[in-house]
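Copied over from TrEMBL, here are the features:
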{"type": "TRANSMEM", "residues": "37-56", "note": "transmembrane segment"}
{"type": "TRANSMEM", "residues": "91-109", "note": "transmembrane segment"}
{"type": "TRANSMEM", "residues": "115-134", "note": "transmembrane segment"}
{"type": "TRANSMEM", "residues": "199-218", "note": "transmembrane segment"}
{"type": "TRANSMEM", "residues": "225-249", "note": "transmembrane segment"}
{"type": "TRANSMEM", "residues": "274-293", "note": "transmembrane segment"}
{"type": "TRANSMEM", "residues": "305-328", "note": "transmembrane segment"}
{"type": "TRANSMEM", "residues": "334-352", "note": "transmembrane segment"}
Amino acid sequence: MTEAEPVPAAVPNATDSNGTEVLNATAKFVATPEGTALAYGSLVVMALLPIFFGALRSVTCSKSKELGDGGYDSGFRNSADAPETITSRDAARFPIIASCTLFGLYLFFKVFSQEYINLLLSVYFFVLGVLALAHTMSPAMSRIFPESFPNKQYQLLFTQGSGESKEEIVNYEFDTKNLVCLLISSVVGVWYLLKKHWIANNVFGLAFALNGVELLHLNNVSTGCILLGGLFIYDVFWVFGTNVMVTVAKSFEAPIKLVFPQDLLEKGLEASNFAMLGLGDIVIPGIFIALLLRFDVSLKKNSRTYFYSSFLAYIFGLGLTIFVMHTFKHAQPALLYLVPACVGFPVVVALCKGELTEMFSYESSEEVLPASPRITSFPTVSGSPASLAASMETMATGSSPRHRRVLPTSM
């Protein structure tokens, strides 16, 4: 599935543990002001974490690719492991592809049993989540393990054909540290698969979002404006114009959204009345904010003006989304508020500093990623567990309009 943002920014109080509306008004839970504030505040914090750290990691992995060194130990060993670049053509057609996929999912849930579809999706996202979380943990694990740790290298290779016609299907490199990360991630995966607990859902969701922000690189600011503008229209139409997005969001049981219970103070960890935030509301603005951080770095002024201005703009836009949703008690297309804020604030800053032309002429693929590869082969996979996790996560969050190495996905 390739979707940018299948879940509205948040859903008001009338939801049960599966995100479905509670129609019986007499049984409807009314969240306390404290519970509501805790839920919305937690969603904002969880949204900011992958954007902030994903943006920092996007700069680090870009520099590692540019210098050709191994300083950033996240599994980037081969050229196929590099961040994936989104061009203006990708950005322009992505809302159309996302709309077709969203409506296709809507028809699927109308025609086929929701139970069997979600069973299949649960297994699928179990694999995605384990790989994405392992990729997220990899740099931290590299620092935790002592230098004396026996870190052996392994390679899993599948080929098709023989002789000159031999073709690599999977070239999967990993080491002992990667295996430890996969083991820990698998424990979380089994927990999610068996219990569908909201904490396990959020762990996977955060991993998906961080990987998306880190590894999806807009090639310039114009492309970012095209992508955000297109998804702005997409979001508004499918939320306000139809019931398609809300229906799919409530039917789709997968870690493609962050959730936090509004009745946590009353019911503890077994709480079931959730506010939710779609991963698309994090990844889509996040990759634009990460681009501005790389632009800050390219200026070589030891300043992060554009990054901080766009980061504050995201906080403002998300806060406005929650305020409007809470006031009108209706699901809101978060990009309606996030896109003008995240684009408008940096543009105003650039105008004030006289750097607007320089900002729009900046080319990330040239300045930071001079040899960014264009993945066109399918279904060949080459690289480390980190690259496979990132590729699969990219599709699971619906953030990448192209370069699907293994599986199609998103929401």
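Every residue gets a Cβ built from N, Cα and C, even glycine.
All TrEMBL annotations are machine predictions without curation.
Just so it is clear, the model here is predicted, and its values are computed rather than measured.
The transmembrane segment (37-56) is in contact with the transmembrane segment (274-293), judged by 3+ CB-CB distances under 8 Å for residue pairs 6 or more apart in sequence. In this chain, the transmembrane segment (199-218) touches the transmembrane segment (274-293); three or more CB pairs sit within less than 8 A of each other, excluding pairs fewer than 6 residues apart. Same-chain neighbours of the transmembrane segment (305-328): 9-10, 12, 36, 40, 43-44, 47-48, 51-52, 55, 281, 285, 288-289, 292-293, 295-296, 334, 336-342, 344-346, 349-350, 353, 359, counting only residues six or more beyond its ends whose CB sits under 8 Å from a CB of the stretch.
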